[in-house]
Amino acid sequence: MDHLPIFCQLRDRDCLIVGGGDVAERKARLLLDAGARLTVNALAFIPQFTAWADAGMLTLVEGPFDESLLDTCWLAIAATDDDALNQRVSEAAESRRIFCNVVDAPKAASFIMPSIIDRSPLMVAVSSGGTSPVLARLLREKLESLLPLHLGQVAKYAGQLRGRVKQQFATMGERRRFWEKLFVNDRLAQSLANNDQKAITETTEQLINEPLDHRGEVVLVGAGPGDAGLLTLKGLQQIQQADVVVYDRLVSDDIMNLVRRDADRVFVGKRAGYHCVPQEEINQILLREAQKGKRVVRLKGGDPFIFGRGGEELETLCNAGIPFSVVPGITAASGCSAYSGIPLTHRDYAQSVRLITGHLKTGGELDWENLAAEKQTLVFYMGLNQAATIQQKLIEYGMPGEMPVAIVENGTAVTQRVIDGTLTQLGELAQQMNSPSLIIIGRVVGLRDKLNWFSNH
């Protein structure tokens with residue numbers, strides 16, 4: 001993050017604009033809207049500045065720039081067509097520790113001004129960090145079309161209710177659930193837009209007096225295979241509404257950065273053969289947090305119902321009467337194969353695909369004879385440590401040694417690495433890779449050279 005987004009309280013505070021043209025006028029409108037006590041300095045002014053001065057809205061200082069104009073200022077803007085003058089204003093402000101914006105010169109400025117969507121008191125600011133103002137403007141226009149004009153009225157009304165809501169609901173969780181109900185209530189929003197006081201009062205009383213469900217809930221969310229762009233929209237909504245997020249090591253930092261900032265985060269870092277927190281304890285964490293009335297998200301890499309032990313966790317919740325739901329995710333097999341240019345099925349090479357755990361525990365022998373058959377694709381999850389055994393067993397049961405194989409490490413991430421070869425090389429290839437990795441075996445791997453789009457980017 002190159003810039004910290006902040007909202008400045010400028011009401012009745014001295015601000016300076018140097019420049020008297022059209023660009024300076026646009027900046028002046030923003031400062032006047034914010035209630036600043038504005039002084040504008042220039043050699044000449046367009047008529048709008050004169051009109052504002054005549055109305056007593058700002059002060060004009062005609063003539064060359066004088067650094068003393070900054071002495072009482074909180075904030076300054078250099079908006080002339082003279083680069084040297086703009087630089088001088090910026091340096092003078094910097095020496096006084098005053099924030100200064102230099103129009104069209106972000107590197108010379110100590111702050112930049114975003115594109116603004118104004119639904120006062122709700123404000124949305126969009127910035128490209130000064131690199132692409134046109135892109136920021138296009139995004140602002142798109143957001144303008146998505147945010148109803150009456151949104152500001154809803155926000156203002158919520159401010160009026162805050163005291164009563166704080167008295168009515170004892171805990172932060174109860175208040176948040178109330179506000180969520182209020183903000184998605186279409187009838188209230190329409191009544192505010194129409195200024196229908198009777199309907200506003202009726203709807204508000206109904207929402208406040210409606211009993212809240214004090215039970216917590218758990219949502220099992222699949223985070224996908226790594227790339228944050230592959231997180232589903234519903235998954236994103238759930239992690240941004242969560243009070244607690246319980247996650248493991250397969251969830252990327254990019255996805256965790258999307259979690260609501262004030263949510264509690266509980267790391268239970270699981271990987272093959274090692275559990276930072278035992279599965280039974282994870283089950284109890286979910287149960288314990290939900291019993292406190294919290295909204296809990298269990299965030300798992302890939303899909304929670306494919307080798308994620310999601311079913312075991314939900315059984316514990318079900319037995320305790322805790323409400324739960326599941327948001328599927330893109331499983332590693334689908335994501336890793338797509339980002340490696342390997343179609344899992346193909347008319348000529350594979351009519352089926354098998355997803356297999358590589359945890360070859362004692363007493364859990366796989367059906368190697370069927371796995372060695374042609375016209376299918378095998379995908380081994382967590383199979384890196386057992387690659388030599390997988391190679392030996394498949395060859396023993398008749399799979400040709402020249403069968404194409406690939407191992408995908410950190411699939412779909414920018415650090416993705418893929419190596420391929422033949423089945424006779426699988427054990428050796430696995431020694432070159434690190435976890436998390438996925439093993440893909442089948443004729444479809446031979447299409448990788450032609451279809452490998454991701455690494456070519």
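Including glycine, each Cβ sits where the backbone N, Cα and C put it.
What you are looking at is a predicted structure, and each value in this text was computed from that prediction instead of being measured.
The local packing around Asp248 (active site, proton acceptor), expressed as other Cβ atoms within 10 Å of its Cβ over all shown chains, amounts to 20. Feature annotation from Swiss-Prot assigns active site, proton acceptor to Asp248.
The active site, proton donor annotation in Swiss-Prot covers Lys270 and is backed by sequence analysis.
Ala44 (NAD(+) binding site) counts 8 other C-beta atoms within 10 Å of its own C-beta, drawing on all protein chains shown. The NAD(+) binding site annotation in Swiss-Prot covers Asp22, Val23, Leu43, Ala44, and the record cites sequence analysis as its basis.
Contacts of Gly411 (S-adenosyl-L-methionine binding site) defined by a Cβ separation under 8 A and a same-chain sequence distance of 6+ are given as Pro225, Gly226, Ala332, Gly335, Cys336, Tyr339, Ser340, Pro436, Leu438, in order along the sequence. Annotated S-adenosyl-L-methionine binding site per Swiss-Prot: Pro225, Gly301, Gly302, Asp303, Ile306, Thr331, Ala332, Met382, Gly411, in sequence order.
Ser128 (phosphoserine) falls outside any helix or strand according to DSSP and counts as coil. The feature phosphoserine is assigned by Swiss-Prot to Ser128, with sequence analysis given as support.
The annotation region 'Precorrin-2 dehydrogenase /sirohydrochlorin ferrochelatase' is assigned in Swiss-Prot to 1-204 on the grounds of sequence analysis.
Per Swiss-Prot, region 'Uroporphyrinogen-III C-methyltransferase' is recorded for 216-457.
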Largest tally of Cβ atoms lying within 10 Å of a Cβ, found at which of the binding-site residues Val23, Leu43, Ile306, Ala332:
Ala332
Roughly how many Å separate the Cα of Ala44 (NAD(+) binding site) from that of Ser128 (phosphoserine), to the nearest whole number?
32
How far is it from Asp22 (NAD(+) binding site) to Ser128 (phosphoserine), counting Cα to Cα, in Å?
22
Expressed to the nearest Å, what is the distance separating Asp248 (active site, proton acceptor) and Val23 (NAD(+) binding site) at their Cα atoms?
51
Around the recorded S-adenosyl-L-methionine site, report the further residues of that chain (criterion: Cβ within 8 Å of the mean position of the Cβ atoms of Pro225, Gly301, Gly302, Asp303, Ile306, Thr331, Ala332, Met382, Gly411; site residues excluded), sequence-ordered.
Gly224, Leu250, Phe307, Gly308, Gly329, Ile330, Ala333, Gly335, Cys336, Tyr381, Leu438
State the count of C-beta atoms found within 10 angstroms of the C-beta of Gly302 (S-adenosyl-L-methionine binding site), not counting that atom itself.
28
Round to the nearest Å and give the CA-to-CA distance linking Val23 (NAD(+) binding site) with Ser128 (phosphoserine).
19
